[in-house]
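K.L.:
Per Swiss-Prot, Zn(2+) 1 binding site is recorded for 56, 58, 114, 133. Per Swiss-Prot, the feature Zn(2+) 2 binding site maps to 60, 61, 133, 171; the stated evidence is sequence analysis.
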C-alpha cells in the first residue's frame with residue numbers, strides 16, 4: 001500500500017512533507033523548517049511522528065528539529081557526511097542506504113551540488129522522491145558548495161528515476177522558475193501549459209507541489225540541458241551537457 005503524502009507549507013516559501021503508513025502507524029517528516037505547522041498537521045490527521053528525514057544542513061530545513069523531536073521523540077535520519085552540521089542523528093545515512101517507513105523503504109541518493117552533503121530520498125513503492133534543494137519544481141538549487149559538474153551528475157541521477165515519480169522539493173519558487181524557463185523556451189507548449197495550470201492553482205488556493213518527473217523533463221530547463229534546442233537557446237550548440245547546465249545556472253543566478 002502506498003504511503004499517504006501531505007504537503008505542509010512552512011515559513012515564507014518552504015515545504016515540509018509528511019508520509020504516513022496506515023498499516024504500521026508510522027509517520028515520517030521530510031525536512032523541518034518550522035514546528036508549528038508540522039505539529040498542527042500531525043494533530044489534525046491523528047498521526048504519530050516516528051521519523052524525521054533531513055535532505056541537507058541549511059537552517060530553513062533543519063531548524064525545527066529540536067522542537068519537533070522534543071514533542072514526538074521521532075528518530076532523526078540524515079547524511080553521515082554532514083553529521084557535524086546537522087542536529088544529532090539517530091541514523092547516519094550513505095548512498096544506497098534504506099529508511100523503512102512501515103513496509104515501504106526510501107533509498108538514499110547522494111545529490112551534491114547545492115551543498116556537498118545533500119541527499120534525496122526515493123520511495124519507489126509509492127513513486128515519490130524528496131529532493132530538497134537539488135532538483136526543484138522547474139528549477140534546481142543554487143550551487144553554494146558544489147560544482148556545476150557535481151550538480152549535473154546529481155540531477156542526472158534524479159532524471160533517471162521512473163517518469164511517474166512525484167518530485168517533492170523544498171521551496172515554492174515556481175513562478176520565477178517558469179518565467180526563466182519561458183525566457184529560454186518561449187514556444188515550449190509544455191511550459192505554456194504548466195504556467196496556465198500554476199495560475200489556476202494559485203487562484204484556487206492549491207499547493208503547487210508535487211509534480212511528476214515527466215513534467216520536469218518536459219519543462220525544467222536544467223534537466224533539458226542535453227537537448228539540441230536548449231543548447232541552441234544558450235548559444236552553445238556543440239558544448240557538453242555539463243557546460244550547458246553551467247551556463248543555464250549562471251543565467252538563472254542573474255535572472
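Any Cβ shown, glycine's included, is placed from N, Cα and C.
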K.L.:
Quick one: among the binding-site residues 60, 133, which has the most Cβ atoms sitting within 10 Å of its own Cβ?
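P.N.:
Max Cβ neighbours within 10 Å, all protein chains included: 133.
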K.L.:
Given the binding-site residues 56, 58, 114, 133, which lie close to residue 171 (Zn(2+) 2 binding site), meaning Cα to Cα within 10 A?
P.N.:
133
K.L.:
Can you tell me how many other Cβ atoms are located within 10 Å of the Cβ belonging to residue 114 (Zn(2+) 1 binding site)?
P.N.:
27
K.L.:
Under 8 Å Cβ-Cβ from residue 58 (Zn(2+) 1 binding site), six or more apart in the same chain: what's there?
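P.N.:
When sequence neighbours closer than 6 are ignored, residue 58 (Zn(2+) 1 binding site) has 115, 133 within Cβ distance under 8 Å.
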K.L.:
Could you tell me the C-alpha distance between residue 114 (Zn(2+) 1 binding site) and residue 61 (Zn(2+) 2 binding site) in angstrom, no decimals?
P.N.:
13
K.L.:
Could you check what DSSP calls residue 60 (Zn(2+) 2 binding site) once collapsed to helix, strand or coil?
P.N.:
helix
K.L.:
Determine the Cβ neighbour count for residue 56 (Zn(2+) 1 binding site): the number of other Cβ atoms within 10 Å of its Cβ.
P.N.:
28
K.L.:
Between 61, 171, which of the binding-site residues has its C-beta surrounded by the fewest other C-beta atoms within 10 Å?
P.N.:
171
K.L.:
Tell me, by DSSP, whether residue 171 (Zn(2+) 2 binding site) is helix, strand or coil?
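P.N.:
Once the DSSP labels are grouped into three classes, residue 171 (Zn(2+) 2 binding site) ends up as strand.
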K.L.:
What kind of secondary structure is residue 114 (Zn(2+) 1 binding site) part of, going by DSSP in three states?
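P.N.:
Residue 114 (Zn(2+) 1 binding site) sits in coil per DSSP, no helix or strand.
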